[in-house]
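What TrEMBL says about this protein:
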| type | residues | note |
| --- | --- | --- |
| DOMAIN | 1-139 | domain 'Lactate/malate dehydrogenase N-terminal' |
| BINDING | 11, 32, 62, 76, 77, 115, 116, 117, 140 | NAD(+) binding site |
| BINDING | 79, 85, 117, 118, 119, 120, 145, 146, 147, 148, 227 | substrate binding site |
| DOMAIN | 142-306 | domain 'Lactate/malate dehydrogenase C-terminal' |
| BINDING | 150, 165 | beta-D-fructose 1,6-bisphosphate binding site |
| ACT_SITE | 172 | active site, proton acceptor |
| MOD_RES | 218 | phosphotyrosine |
Ligand SMILES: NC(=O)C1=CN([C@@H]2O[C@H](COP(=O)(O)OP(=O)(O)OC[C@H]3O[C@@H](n4cnc5c(N)ncnc54)[C@H](O)[C@@H]3O)[C@@H](O)[C@H]2O)C=CC1
Ligand SMILES: CC(=O)C(=O)O
């Protein structure tokens, strides 16, 4: 399977690296307006391949994306320390006006996997520009926030994050909702497991984990300028579900006809994803305050998307 990546910066190259070392694609093609950067990233990643897989990694112009089953869109600007994701909207919307048309001109059948921020709104803009069905325009959404939540819960409990089933919903951003009420570990409720391992989820623990998830990007960007390993692996995980038609449940962002009182908005809930993109939305049963938070998140995203003229 060929995977294209537009935007060969930190996020795009990290996704390319993850795909190559995991051997999830037969070919990865990097495209960037800075062609020299794309060439350098492709070469560097290609030098990891002999240790891990047989993926062919190349840089190209848009023509090189012909035949790609999935194209990751990671082009545009990223946050400076202290800047919100929403502050990037106008600049990245302008970038996508060119990028989406260029991709579809050569890869009309591809699934578009959006990473650029603010990712929910960029996914919605991409769907509008492309006219593709929502199922084929997939934002990475809260896949990364969900991983952060599982990582912190797992660390608190002394249990592998892969055995923690907990989701972050709504915006990939400040208004996101940690779905504590239906978090499970193995097949047990979080409270049961926490009691059995002697690590209760007190209000203090909950606040610490919430802060660790919600503000992770701000802290990492302050420390090293950008986040990229987490999302690189997250994008590769979504592509694994597509490449192997796994029908996995992942929190990705897609335009939904309605959520609560808000119509036509992209945000994350658990969704089934396979070879054709998203096939099902799985709306979880939430506590009242989580449902209210999700409604506020949806309304905020809707207001932002309406503020942008396309
Ligand atoms: N969805 C998520 O969970 C995450 C999203 N991001 C977002 O991903 C995006 C990329 O971040 P980084 O890779 O760190 O930025 P970066 O600055 O390292 O890379 C962006 C690349 O886009 C290229 N680019 C800009 N305009 C272009 C155009 N018109 N055509 C082709 N290429 C173009 C630039 O030349 C640059 O190489 C940002 O919007 C960032 O906020 C970052 C981390 C996590
Ligand atoms: C930058 C970003 O969106 C993140 O790391 O969550």
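Residue 1 is the first one shown; counting continues down the chain.
In case you wondered, yes, glycine gets a Cβ from its N, Cα and C as well.
All annotation found in TrEMBL is predicted automatically rather than curated by experts.
Overlay of TrEMBL feature records on the structure.
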residue	record	Cβ within 10 Å
11	NAD(+) binding site	28
79	substrate binding site	19
116	NAD(+) binding site	32
117	substrate binding site	28
119	substrate binding site	29
145	substrate binding site	28
150	beta-D-fructose 1,6-bisphosphate binding site	23
165	beta-D-fructose 1,6-bisphosphate binding site	17
172	active site, proton acceptor	33
227	substrate binding site	21
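Of all the recorded positions listed (62, 218), 218 has the fewest other CB atoms within 10 A of its CB. Checking the binding-site residues 145, 150, 165 against ligand 1 with a 6 Å cutoff on the Cβ atom leaves no residue at all.
Under a cutoff of 8 A between CB atoms, and with a sequence separation of 6+ in the same chain, the neighbours of residue 140 (NAD(+) binding site) are 113, 114, 115, 119, 172, 231, 234, 235, 238, 252, 253.
Across the domain 'Lactate/malate dehydrogenase C-terminal' (142-306), mean pLDDT in this model comes to 98. Only 117, 227, in sequence order, out of the recorded positions 11, 62, 117, 218, 227 have a CB under 6 Å from ligand 2. Considering only the recorded positions 145, 147, 218, 227, residue 62 (NAD(+) binding site) has 227 as its nearest partner by CA-CA distance.
Separating the Cα atoms of residue 117 (substrate binding site) and residue 77 (NAD(+) binding site) is a whole-number distance of 8 Å.
Nothing from the binding-site residues 11, 150, 165 places its Cα within 10 Å of the Cα belonging to residue 79 (substrate binding site). Listed in sequence order, 88, 91, 92, 95 are the same-chain residues at least 6 apart in sequence whose CB falls under 8 Å from the CB of residue 77 (NAD(+) binding site). Cβ neighbour count for residue 147 (substrate binding site): 20 (other Cβ atoms within 10 Å of its Cβ, all protein chains included). Between the CA atoms of residue 227 (substrate binding site) and residue 11 (NAD(+) binding site) there is a gap of 8 Å. Note on proximity: among 11, 116, 165, 218, the recorded positions of the record, the Cα nearest residue 147 (substrate binding site) is that of 165.
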